[in-house]
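Taken from TrEMBL, the feature Zn(2+) binding site covers His277, His448, His452. Per TrEMBL, the feature compositional bias 'Low complexity' maps to 8-19, 144-163. Summarising the annotation, TrEMBL assigns compositional bias 'Pro residues' to 20-29. Per TrEMBL, region 'Disordered' is recorded for 1-85, 97-172. Residues or ranges marked as transmembrane segment by TrEMBL: 224-243, 255-279, 291-312, 344-365, 377-396, 486-505.
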Amino acid sequence: MTVGASVRPAQARARQARSPRPPRPPPPANAAAQCRSERPRGCRASNPGVDPGPRRAQPSRWRSLWPPHQSLTGPLGPLRPEEGGWNGCSGSGLLWNLQRRPRRAHKGSDGGRRGLPGARGRAPEVACARPSRAPGTMARRLQPRGAGTKGPPAATAAASEAGPRPHPSAAAEPLASAKPLLRWDEVPDDFVECFILSGYRRLPCTAQECLASVLKPTNETLNFWTHFIPLLLFLSKFCRLFFLSGRDVPFHHPWLLPLWCYASGVLLTFAMSCTAHVFSCLSLRLRAAFFYLDYASISYYGFGSTVAYYYYLLPGLSLLDARVMTPYVQQRLGWHVDCTRLIAAYRALVLPVAFVLAVACTVACCKSRTDWCSYPFALRTFVFVMPLSMACPIMLESWLFDLRGENPTLFVHFYRRYFWLVVAAFFNVSKIPERIHPGLFDIIGHSHQLFHIFTFLSIYDQVYYVEEGLRQFLEAPPAAPTFSGTVGYMLLLVVCLGLVIKKFLNSAESCSKK
């Protein structure tokens, strides 16, 4: 009996294996179209022919209030942004559209890139969309919420499919007129300035819009006026020096060639600064080109100042007179040294060294606009201090000799000029006051405007003692300046700076194509 009982179940199993299984019932008609979030919470799939697998936790309606940088999982897995909303169920899509726009990483915040470190400004609510675009083109500006047709997403999609879509330019013009200024999270990273949260112009702008923006409260308006007004002042000043001074020397006399070099450097610096700040929003390439020209004009001005020093100020210093320095060294230091050769070598190297420094400073400043530089403002400030070392003989003259008694105008204006330069460098590097309260000084009072004001004051003092040196030079000119030693150097410098700018623009264009 035990053997028969054990044989019968084995035969039943073999008989069941040989017989075909009955077909499974087809799934319900609405099983494929049914969304999982529409089923009761905690229920399995209604299709009995498919293994539903492990049950997933349903999302909470408060997920939309979570920070956008956290990875969230919906009932169908990770939610992905698409055209007009989010994948998955319509209910969760409505909740996800209430999310604020994710904050971007800006240059200078983390990883040593320029941008907006430490800012805590809330981003505006926008409808997240990722329109398809060709590679290499800029992303389309995100539209603010409420700009399109109101209603549920289904009605909006049906309305867009039923009627013809308007041209993008027709929709962009009302938006630009309604909101001409943008926040820091609505512009490309290359346009964002440290701790400046608002007041940005839209990109791209036309030339007419750029010119009209100088009369509107943007974060570039006072950057323009703080150099445009000094440009007019110095233009009138040099016109009086060249044409209305009442001297017997005509404006084209060789004695005035160093003054022409210096005046062209001063006027070109202010003119290029105004141009860069006004037309910087034409396009990304033109923005880079204008600021490269701005750096080149500062180097040009630095070399022009050295030319004016070389002919008008250095010959009157006792420090560069061998008849005075040789007995002075013997008396103070006890060294029997003939200073004639040393002074002659210095005179021969002043202009070539200043020329090389001008080109090197332009290369370094143009390089600071790339991603490798962590502190671009500090680098540019330090770089443009280097050409000022050509004025070291005047400082040594005041320490070793009685410069205040011999030339009080040079003494007072020289040291006051360098005081203004130190203050300007402090504001340019520290980014105070906008670092203390980001967003409060976006339009008026930020550090770049203060930097412009103090650089204007420094050049204003410099013009005074250069004019005093010209007056002493005309009383007893030691030697007439040559064309090759003044204008020739300046023209050669223009060619070299132009080649530097062209190289950086071509390299930037090739990188953007890659």
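Heads up, the Cβ atoms here are built off N, Cα and C, so glycines get one too.
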Contact yes or no, the transmembrane segment (344-365) and the transmembrane segment (486-505), 3+ Cβ pairs under 8 Å, gap 6+: yes
Cβ contacts the transmembrane segment (291-312)/the transmembrane segment (486-505), at least three under 8 Å, sequence gap 6 or more: yes
In the chain carrying His448 (Zn(2+) binding site), residues 6 or more apart in sequence that have Cβ under 8 angstroms from it: Glu193, Asn223, Phe427, Asn428
Cβ-based neighbourhood (8 Å from the centroid) of the Zn(2+) site, residues His277, His448, His452 excluded: Glu220, Leu222, Asn223, Phe224, Thr226, His227, Ser273, Gln449, Phe451
Cβ neighbour count (within 10 Å, all chains shown) around His452 (Zn(2+) binding site): 22
Intrachain neighbours beyond the transmembrane segment (377-396), with Cβ under 8 angstroms and 6 or more residues off its ends: 194, 295, 298-299, 302-303, 305-306, 309, 313-314, 317, 319-320, 350, 353-354, 357-358, 360-361, 364-365, 368, 403, 410, 414, 418, 421, 425, 428-429, 431
Chain residues outside the transmembrane segment (224-243) and at least six past its termini with a C-beta under 8 angstroms from it: 214, 251, 256, 259-260, 263, 266-267, 270-271, 273-274, 277-278, 449, 452-453, 456, 459-460, 463, 467, 470
Cβ neighbours within the same chain of His277 (Zn(2+) binding site) - under 8 Å, at least six residues apart: Glu220, Asn223, Phe224, His227
